[in-house]
Ligand code: F6P
């Protein structure tokens, strides 16, 4: 058996732990040959691959990023290269030429769309869910999320001490794309006073009211806002606050935007920090190392059992799998009945909702 492994889309802590687990399990339990495909699907369009043997994956468990490299724009079905267009047939021919019988594809929803396309062309594929955003369908957790939440929590801890010293309103903008998972868990773990999510459009006035009440009592306010969050009346607020600016919204992210919108409405100084790619870099947390290892091991089991065209998922504490087609191109937001939202409200935190 000869299996190729690739990492697609943005990088994420824990990718190397999956590569290691898949490689070791396939070699130890199936005597397989394993090949690493470099820079995601680009390594199939402009062939670039290398053998993965036991020594090649030693010492990479705790390493951030991906030893194989990745590419977040390369799609062989819509290739951007000189001879662009659909080059998937050439990619399949490359796999056949190399004697690769199947693929383990580690990536997010976009990567799973491509993986599913290869499955339809007859390439046996197993998917492994990767994203710091935790927004993939059917899996309660994707690896990388815990590491990102840890960065947000530590950043909020740091921002809290400087906010307190100056009596400021301090805003931290997290990643997360269209979902609020990172902001919600990171905000809770870091003790934010206000948590703003894409799932719950916020009122700038409601946030300002929280800041003013806190100013009257203790001075500082810690706000954790997801990059995909937006105000209920964002367009109007922008027009009012930036009336003389030709640029509409999100100069430097929604956190920066909120800082500009809030400043005239509160007494204290407002500062904003975009946490950005710091959330994606560095070593995975122990939780993510274990989850990535479980996912990698389960992917190797699926390969050994010939159960292809499926993606590994975590449901409760059980590693299982679902059809690739059921996750490809789909994502999941925080449900409005999520217990953490109820806990946040119960603790008196603000989710930026106007008083009814
Ligand atoms: O999906 C992971 C993610 O980090 C998102 O949270 C973020 O919106 C996006 O990728 C950033 O992508 P890029 O690395 O292309 O700037």
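For all residues, glycine too, the Cβ spot is worked out from N, Cα and C.
Straight from TrEMBL, the features:
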DOMAIN    3-302  domain 'Phosphofructokinase'
BINDING   10, 73, 74, 108, 109, 110, 111  ATP binding site
BINDING   109  Mg(2+) binding site
SITE      110  site 'Important for substrate specificity'
BINDING   131, 132, 133, 168, 175, 176, 177, 227, 271, 277, 278, 279, 280  substrate binding site
ACT_SITE  133  active site, proton acceptor
Candidates near ligand 1 among the binding-site residues 10, 74, 131, 133, 280, judged by a Cβ under 6 angstroms: 10, 131, 133, 280
10, 73, 74, 108, 109, 110, 111 excluded, remaining Cβ within 8 Å of their centroid (ATP): 8, 9, 40, 72, 107, 114
Rounded Cα separation (Å) that holds between residue 175 (substrate binding site) and residue 110 (ATP binding site): 17
Those residues of the chain, 6+ apart, with a Cβ under 8 Å from that of residue 111 (ATP binding site): 8, 9, 40, 105, 127, 130
Average pLDDT across the domain 'Phosphofructokinase' (3-302), rounded to a whole number: 93
Least buried by Cβ count (within 10 Å) of the binding-site residues 73, 177, 271, 280: 73
Length of the line joining the Cα atoms of residue 133 (substrate binding site) and residue 110 (ATP binding site), in Å: 13
Spatial separation of residue 278 (substrate binding site) from residue 109 (ATP binding site) - C-alpha basis, Å: 22
Cβ-Cβ distance under 8 Å to residue 110 (ATP binding site), same chain, at least six residues away: 8, 9, 72, 75, 329
Protein Cβ atoms within 10 Å of residue 10 (ATP binding site), excluding its own: 21
Listed binding-site residues among 10, 73, 74, 108 whose Cα sits within 10 Å of residue 280 (substrate binding site): 10
Local backbone state of residue 10 (ATP binding site), from DSSP in three classes: coil
Site with most surrounding Cβ atoms, counting all protein chains shown within 10 Å, from the binding-site residues 74, 175, 278: 175
